[in-house]
Every structure is written in C-alpha cells, then in structure tokens.
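Lifted from Swiss-Prot, the feature list:
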BINDING   Cys29, Cys209, His234, Glu238  Zn(2+) binding site
MOTIF     31-41  motif ''HIGH' region'
MOTIF     266-270  motif ''KMSKS' region'
BINDING   Lys269  ATP binding site
MOD_RES   Ser270  phosphoserine
Amino acid sequence: MTIHIYNTLTRQKEEFTPLEENKVKMYVCGPTVYNYIHIGNARPPMVFDTVRRYLEYKGYDVQYVSNFTDVDDKLIKAANELGEDVPTIADRFVEAYFEDVTALGCKHATVHPRVTENMDIIIEFIQELVNKGYAYESEGDVYFRTKEFEGYGKLSHQPIADLRHGARIEVGEKKQDPLDFALWKAAKEGEIFWESPWGQGRPGWHIECSAMARKYLGDTIDIHAGGQDLAFPHHENEIAQSEALTGKTFARYWMHNGYININNEKMSKSLGNFILVHDIIKQYDPQLIRFFMLSVHYRHPINFSEELLQSTNNGLERIKTAYGNLKHRMESSTDLTDHNEKWLADLEKFQTAFEEAMNDDFNTANAITELYNVANHANQYLLEEHTSTVVIEAYVKQLETLFDILGLELAQEELLDEEIEALIQKRIEARKNRDFALSDQIRDDLKDRNIILEDTAQGTRWKRG
C-alpha cells in the first residue's frame, strides 16, 4: 500500500515518493515565541507529528525540522510592553511551547533551529540573492524582487497581476514593487539588531525558514508543512527565495492544515474566544485534545466546543475501557486455539483498514473509526464463555500500536485489582458498621473510576465499566 498526499502545489493527491529511498526530509513552520500558543497554533504540531509517526511506522527515517522565530516585530513589541529584552521573552515562551506540545503528545523535532542562532547563514542567503539580481538594497532594507521570479504565485494559484493589484506599499517602505517583500529590515532606534553588509538590522520572516530549511535539509526537501494561513504569503515567498537561489525545486509536497473555529465562530482575540493551550490542558486531559483534533481530517476546519469535546471524550473512554477489560481478562484466559483464526483474521482487517485510511492523505478521522471497530469487536469477544490469551494479547497489541501511531496513550491511571479488592473490603466493613454514607461514597468513587460493583448473595462482584 502506497501513501498518497494532497499537494497544495498541484491541488491533487499524489503518490508519495521521497527523494532518497526510506528517508524523508520534512520541515514544519514553528511558532513566533512571544506568547503562549493557542489551540490554533497547536494543530500543526499535532497533525504533522502524527504524519511523522506514521512515516516512521512505515519504515522511513524522518528528518523533522521545526523552527522557532525568536526575533520579530511581535517579540520586539512584547519586550517594549513588558520592559524585558527579546531573548528573555523568547526563552520563556520556547520553554512554554515545549511544555504544551509535549503534553499534547508531540515528539521533539530532529532539530529545533532558532533564527538568532542562524543569523550568519541567513545573511549569506540574502547576499547570494542580491548577487544574482533577485534582491536589492534600499536605505538599509533589502527586498526580494518578485518580478524576477517567474513562478511567483504558483503555490497559492493566484495570477501575479491579481496579487499585484491587491498589494500596496506601506508608509516607510522603500520597495520598487508592491509585491516585493523584505529580506532584511534596517533597525529602528532601540531595537535589537545584527551587523550585516547593509547595516544594522534583522531578517524578514520569510527568509528565515528558507535559510534554515536549506541548512538542515538541503536544497530540496520532501515535505513542507504548516497552517493554511501560511500558504500565502509565507510559503509562497519561501518558494520564490529558495528556488531563485538554487534553481531547484524547494519542496516536493506541500501540506496545510485547516482552521479552528470556536462554537462555530472564527477564533479571534476581538471575539474573546481565544483559547490558550496551557489553559485548556488544565481543564481537559491533553490526550483528549489530541484525540479530538485527529478526529477530523487535517485539511478540514474543526469546530471546537465543550459539547463536541465531551462527545469525543465518551468515545475515547469507550476504547480505553475496552482496553482495560482486555488487560483485566488476560490472567483468567487460557491458551485456547479453537476459533482463534476468525477473531485474529478480523483484527487483520481492522489493521489493513487503518493503514488504508492513513495512506489516503493521513485520514486520521477514518483511522479512528477503526479504533472504535477494534474496541467494539474486543467487547464482543469478551462475551465469549472462554477466551484465549493469544487473541486477547493480539487485541491489546493492536490497540497499543494504533494509539502509538496517533501519538496517543492507552495507559489509564486505573486502580490495580488489589486496590479495588481493598476498597471493596473497606466498603464491606463500613456496611457492617452501618456507615452507609462511607459505603455509598466508596461505591460512587469506584464508579467514577469505571469500576462497577454488584452486590449478590455470594458477595460483592466487580467489573470495569
């Protein structure tokens, strides 16, 4: 089964064939670290971490690079407002970013380059563009000359005449064409700066990714990814800079994830529906947030609401409960061989369907459907009078494997059998002492942990709900 990726550049699904056999070079645009990330910022790390995980599962060696923009207009503004320097603010929010995305199940990139640590190669990149005639200096600023790059607009599929008609030259800009964009910005008084051939200043946003992608992944990369909002102008400008310099294809597959809406409204500060990750993960299990995000195909918009989140949680808990019941039943099962083939064959079908979904442009929504199918099938199997250790181990292994591919964990902070038995004994003692309030409290606490008690003439029985 081959993997197919929807390529924004061609607007169609294409068979994925990396430049080098069994190796994938992948660049994902990272955050500008001037504040905590919101849930819209968190979607790309989760989506493309899942893409990476699946590629690794399929046997690819993935070089995954995701940058930090640690000098920028927003950082300078934040520094001025807080009375701190730019590096201090950047360091704080780099650390906060790692805390947030790690909680959401994202692995660290192979490399997390920072702009300020790569200033030399950025300046060299700009100088080469100037030497080739693709860029020009204007009163300390350096701009990219878009009319010199014939392919400008090919990613966003917009005619250059339309782009030029909608563009304008802002006050203070000294560019020759409204479509030209800054590669280097002359420093204003009091701003952080670096020395360059054009005077003191700092790089423009777009050139940073081009330079760092080239440094760590080479002239041509396999997959370049990011949010839908980056396709134009950021990724369009990256293509122009990189291909003008090297004369080679910059990225072979372009992937973009969709937006997030809050209660059917576009997320924005003005509407007051701005949700920060470090706030939401205090309210909800980060694993639930990830499961929710992956329950929709990455190219589609997501509507984020508490009702939908709760509904998703119910589904996730059903899968985890089935997994817990399988683990609980493991010890009481035997090494039966009769009728194993049917159940194991069905498991193989679910595995195939999961991979078919992921091979189809990483359709995690359909892949998650197969997780539900495995859980439902497992529950049916557990109704059998006699169960086989071989089959139960196969269910457990499959659920663990599929969850791991999606960056999810099945491990529940659940009570051990011995702990449950001890609480039941404590409840029995409470009933003997006519302490019915304590007895009911223990029963309710166990119910909250998905442990169902049944009082019978033979004593108290329990099961995982």
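Glycine residues also receive a Cβ, built from the backbone N, Cα and C atoms like all the rest.
Computed from a predicted structure; not experimentally measured.
Structure coloured by features recorded in Swiss-Prot.
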residue: Cys29; record: Zn(2+) binding site; Cβ neighbours (10 Å): 22
residue: Cys209; record: Zn(2+) binding site; Cβ neighbours (10 Å): 28
residue: His234; record: Zn(2+) binding site; Cβ neighbours (10 Å): 17
residue: Glu238; record: Zn(2+) binding site; Cβ neighbours (10 Å): 27
Under a three-state reading of DSSP, tell me whether Cys29 (Zn(2+) binding site) is helix, strand or coil.
coil
Looking only at the motif ''HIGH' region' (31-41), what is the model's average confidence as pLDDT?
95
For the Zn(2+) site built from Cys29, Cys209, His234, Glu238, further residues of that chain with CB within 8 A of the site's CB center:
Trp205, His206, Glu208, Ser210, His224, Gly226, Leu230, His235, Asn237
According to DSSP, collapsed to three classes, what secondary structure does His234 (Zn(2+) binding site) have?
helix
According to DSSP, does Cys209 (Zn(2+) binding site) sit in a helix, a strand, or coil?
helix
